[in-house]
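Novice: Pulled from TrEMBL, these are the listed features:
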type: ACT_SITE; residues: 228; note: active site, proton acceptor
type: BINDING; residues: 83, 196, 251; note: Zn(2+) 1 binding site
type: BINDING; residues: 196, 229, 346; note: Zn(2+) 2 binding site
């Protein structure tokens, strides 16, 4: 039987103080495994936390958690969301000598996988594993700079046979995530797995506390979604439930302030949250989001109100939970994306800055007031209010 690291406290949430200890909260969220489609540990933890705050969270059949805060006054119905899940792998086969073969679950990049430390999540517990890599001493020159597809990789559990792997509890279909890690860096920065989108979850948990301390006159729905890394459509179920007029999605924004991304964009760690002016997947049939022009102006005004520096980004290769929201109702939904800068997205270790997470919460709080006066009509109304965004 596999050792149950969860019961031993390996993933224990060490801090649930969003305003008093945001760094500890992010560390706890990062360490909690929530592979797409199997987010239940984090779903339960978030729901328990919100219940302890005196709220009544709704948990749907997808494992999504939502609460409503505020009064019943007039104003647009607002839904603010961030996703709980993380990318990973799935066991597709167990070889006779105990190696695991895998499929990707979301956009886990193959070029960072060789020798990566992983965790296989089984029904019986969690099992550490390593992605096999040919010894450098024995690698021919033509292979040294080649990234192999995930289906060519093998995972080493330490098992010597299929039967031994089975005794550990491993089965086809079991999800796999990066092994947890956490390092405090200089300048208020930190490095960990799954900052996409645990920094967004942390910002929203702090946002809930701010709303409870100073409730808005209109109801605000705050949601923690699932399977974003798999099909980016979880928010659609919440749209059916809450019928929002406005959706504000909080996710990471890939930072472009590293030498290898010079000239690609202007998003920097420590520069504050981003206002996404364009996100587009750019591959296959997946879409993206062009934000509602009225919401662009509202977010910019909220940044000024809160004294929060605001960065702008327009990126191809990006898609978030907001991508399919605008077309989800007959009337249409006004949507906008807010990003938290993160370096090395989807790698085993990502890097963020605490001030950007805190500033994102400040921006969301200020946005509540601005949204009450935002005209969502299109055509002439938008031209009167400032023309093109």
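Going from the start of the chain as shown, residues are counted 1 onward.
Cβ coordinates come from backbone N, Cα and C, glycine included.
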Novice: Hey, for the Zn(2+) 1 site built from 83, 196, 251, who else sits with CB inside 8 A of the CB center?
Specialist: 82, 197, 200, 228, 229, 250, 252, 320, 321
Novice: Within a 10 Å radius around the Cβ, which one of these recorded positions has the most neighbouring Cβ atoms: 196, 228, 229?
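Specialist: Per the Cβ count, the most surrounded site is 228.
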Novice: Of the recorded positions 83, 196, 228, which sits closest to residue 346 (Zn(2+) 2 binding site) by Cα distance?
Specialist: 196
Novice: Taking the centroid of the Cβ atoms of 196, 229, 346 (Zn(2+) 2 site), which other same-chain residues have Cβ within 8 Å of it?
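Specialist: Other same-chain residues near the Zn(2+) 2 site: 86, 87, 106, 107, 108, 194, 197, 252, 345.
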Novice: State the Cα to Cα distance, in Å, between residue 229 (Zn(2+) 2 binding site) and residue 196 (Zn(2+) 1 binding site), rounded to an integer.
Specialist: 9
Novice: Rounded to a whole number, how many Å is the Cα of the residue listed as 'active site, proton acceptor' away from the Cα of residue 196 (Zn(2+) 1 binding site)?
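Specialist: If we compare the Cα positions of the residue listed as 'active site, proton acceptor' and residue 196 (Zn(2+) 1 binding site), the gap is 10 Å.
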Novice: Does DSSP put residue 346 (Zn(2+) 2 binding site) in a helix, in a strand, or in coil?
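Specialist: DSSP assigns residue 346 (Zn(2+) 2 binding site) to coil.
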Novice: Highest Cβ count within 10 Å among the binding-site residues 83, 346: which residue is it?
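Specialist: Result of the Cβ crowding comparison: 83.
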Novice: Taking only same-chain residues 6+ apart in sequence, whose CB is under 8 Å from that of residue 251 (Zn(2+) 1 binding site), what do you get?
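Specialist: Same-chain residues close to residue 251 (Zn(2+) 1 binding site) (Cβ under 8 Å, separated by 6 or more) are 82, 83, 196, 197, 200, 228, 320, 321, 337, 338, 339, 340.
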Novice: According to DSSP, does residue 196 (Zn(2+) 1 binding site) sit in a helix, a strand, or coil?
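Specialist: Residue 196 (Zn(2+) 1 binding site) sits in a helix per DSSP.
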Novice: According to DSSP, which of helix, strand or coil covers residue 83 (Zn(2+) 1 binding site)?
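Specialist: For residue 83 (Zn(2+) 1 binding site) - judged by DSSP and reduced to three states - the answer is strand.
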